[in-house]
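OK, TrEMBL features for this one:
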{"type": "DOMAIN", "residues": "3-166", "note": "domain 'Hydroxymethylglutaryl-coenzyme A synthase N-terminal'"}
{"type": "BINDING", "residues": "30, 144, 243, 289", "note": "(3S)-3-hydroxy-3-methylglutaryl-CoA binding site"}
{"type": "ACT_SITE", "residues": "80", "note": "active site, proton donor/acceptor"}
{"type": "ACT_SITE", "residues": "112", "note": "active site, acyl-thioester intermediate"}
{"type": "DOMAIN", "residues": "176-248", "note": "domain 'Hydroxymethylglutaryl-coenzyme A synthase C-terminal'"}
{"type": "ACT_SITE", "residues": "234", "note": "active site, proton donor/acceptor"}
{"type": "DOMAIN", "residues": "283-351", "note": "domain 'Hydroxymethylglutaryl-coenzyme A synthase C-terminal'"}
Ligand code: CAA
């Protein structure tokens with residue numbers, strides 16, 4: 001059977017960064033609560049001329065430059081933070097990337113999960129039309145109310161993936177575990193720019209979905225826990241991956257290490273199996289939550305930093321509140337290390353412009369109404385920018401960047 005999976009991927013983020021130590025100071029909270037309690041150091045924050053479309057297009061551009069557009073007849077844009085109730089964000093990306101008219105474009109929604117639905121749909125399309133390739137873009141701005149418990153878990157990021165036959169990076173295996181449960185743990189009403197969340201319920205719903213989708217993976221003939229070399233989790237904050245790993249270890253009886261930091265790795269009990277929890281958290285710790293992109297940012301971090309992945313099997317747990325989740329597995333391909341994007345991603349993270357808490361709070365509160373024409377200030381250094389609103393339509397343009 002032909003192998004299908006992720007042939008290439010790229011991560012992009014926003015122009016600004018908020019240091020969580022500064023936010024903790026402002027909020028009168030011990031900084032260790034954010035760094036250790038949540039496992040987060042920073043959060044990306046978009047400039048006024050950035051959004052999911054500019055980040056998504058910026059992630060996809062290098063993928064297109066490296067691979068060309070031959071065979072791309074589908075673009076699926078997965079997001080929680082859509083910018084229009086009707087038009088798919090990917091249609092703007094399609095123009096910004098200069099893709100031909102013969103590309104179907106659509107948007108997938110189910111909180112943080114829809115990137116995985118997009119990946120599975122892409123695999124289905126490639127199975128039916130061998131030789132075609134599908135561009136999957138996951139892009140989100142995670143936004144909670146100011147002064148709410150969710151505030152330090154905000155963030156922004158996009159991961160673009162090219163899905164096709166004989167992938168260079170990760171073959172996605174056939175068996176997948178699925179778990180859906182109607183639960184009001186996190187959602188965002190149409191008239192709200194910030195998510196509504198029941199924090200405690202969201203964590204228990206996540207963990208129940210993890211064991212539920214694991215059980216289904218096994219029922220579908222998926223691998224045993226001992227046959228999975230690395231584990232990646234959706235990371236609303238990186239400590240959630242640790243909680244997931246602990247739950248999976250308890251559920252399966254496998255001695256999986258839940259060490260999330262170098263210090264915890266050094267202190268891990270003898271016999272604990274390291275499945276890359278720390279490595280998979282390297283980017284997310286600095287990005288914050290990127291909803292649909294979060295699991296794939298973890299995959300990017302693992303591929304960029306783990307030098308012993310060739311032929312190894314990765315387990316990936318995708319969770320979208322509401323809730324839909326999926327446990328999938330993939331096998332890393334021999335030449336994966338040539339992708340080596342660590343220096344690019346780290347340079348992009350380092351280049352973000354810090355915001356003082358007062359500046360961040362002012363930007364957070366700013367709302368651009370769709371009813372008035374407006375131009376945004378030129379801030380971003382990304383290749384694309386959101387130029388403003390004209391005739392109630394959002395305008396996007398290429399920058400010199
Ligand atoms: N030093 C070290 N650790 C400290 C500390 C200190 N001084 N003070 C507190 N902590 C620890 C706490 O012990 C706790 O750790 P454990 O969970 O391991 O016990 C951790 O810091 C967080 O502390 P609290 O439980 O008091 O935190 P909180 O109530 O202020 O908020 C939260 C936590 C509910 C997760 C909140 O950040 C939130 O609502 N986040 C958004 C929802 C979310 O991300 N849910 C996750 C599952 S849903 C999902 O995955 C979908 C999605 O993307 C949203």
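Any Cβ shown, glycine's included, is placed from N, Cα and C.
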Tell me, in order along the sequence, which recorded positions from 30, 144, 234, 243 have their CA within 10 Å of residue 112 (active site, acyl-thioester intermediate).
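So far as Cα distances go, the recorded positions lying within 10 Å of residue 112 (active site, acyl-thioester intermediate) are 234.
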Which of these recorded positions (30, 80, 243) have a C-beta closer than 6 Å to some atom of ligand 1?
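Cβ under 6 Å from ligand 1: 30.
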Whole-number Å distance between the CA of residue 144 ((3S)-3-hydroxy-3-methylglutaryl-CoA binding site) and the CA of residue 80 (active site, proton donor/acceptor)?
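Cα of residue 144 ((3S)-3-hydroxy-3-methylglutaryl-CoA binding site) to Cα of residue 80 (active site, proton donor/acceptor) measures 13 Å after rounding.
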Rank the binding-site residues 30, 243, 289 by the number of other Cβ atoms within 10 Å of each Cβ and report the first-ranked residue.
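Counting every other Cβ within 10 Å of each candidate, the maximum falls on 289.
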Could you break down the residues of the domain 'Hydroxymethylglutaryl-coenzyme A synthase C-terminal' (283-351) into DSSP helix, strand and coil, giving a count for each?
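Output for the domain 'Hydroxymethylglutaryl-coenzyme A synthase C-terminal' (283-351) reads 32 helix, 18 strand, 19 coil.
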Please list residues from the chain of residue 234 (active site, proton donor/acceptor) whose Cβ is under 8 angstroms from its Cβ, counting only those at least six apart in sequence.
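Same-chain residues close to residue 234 (active site, proton donor/acceptor) (Cβ under 8 Å, separated by 6 or more) are 112, 113, 206, 240, 241, 294, 295, 298, 317, 318, 319, 320.
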Highest CB neighbour count within 10 A among the recorded positions 80, 112, 144?
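The residue with the densest Cβ neighbourhood is 112.
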Using the alpha carbons only, what distance in Å do you get between residue 289 ((3S)-3-hydroxy-3-methylglutaryl-CoA binding site) and residue 80 (active site, proton donor/acceptor) once rounded?
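Here the two Cα atoms are 12 Å apart.
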By DSSP assignment, list the helix, strand and coil residue numbers for the domain 'Hydroxymethylglutaryl-coenzyme A synthase C-terminal' (176-248), in that order.
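Secondary-structure breakdown of the domain 'Hydroxymethylglutaryl-coenzyme A synthase C-terminal' (176-248): 35 helix, 13 strand, 25 coil.
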For residue 30 ((3S)-3-hydroxy-3-methylglutaryl-CoA binding site) and residue 80 (active site, proton donor/acceptor), what Cα-Cα distance in Å is obtained after rounding to a whole number?
30
C-alpha of residue 80 (active site, proton donor/acceptor) to C-alpha of residue 243 ((3S)-3-hydroxy-3-methylglutaryl-CoA binding site): distance in Å?
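Computed Cα spacing between residue 80 (active site, proton donor/acceptor) and residue 243 ((3S)-3-hydroxy-3-methylglutaryl-CoA binding site) is 23 Å.
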Name the secondary structure element type, per DSSP in three states, that contains residue 112 (active site, acyl-thioester intermediate).
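The residue in question, residue 112 (active site, acyl-thioester intermediate), is strand (DSSP, three-state).
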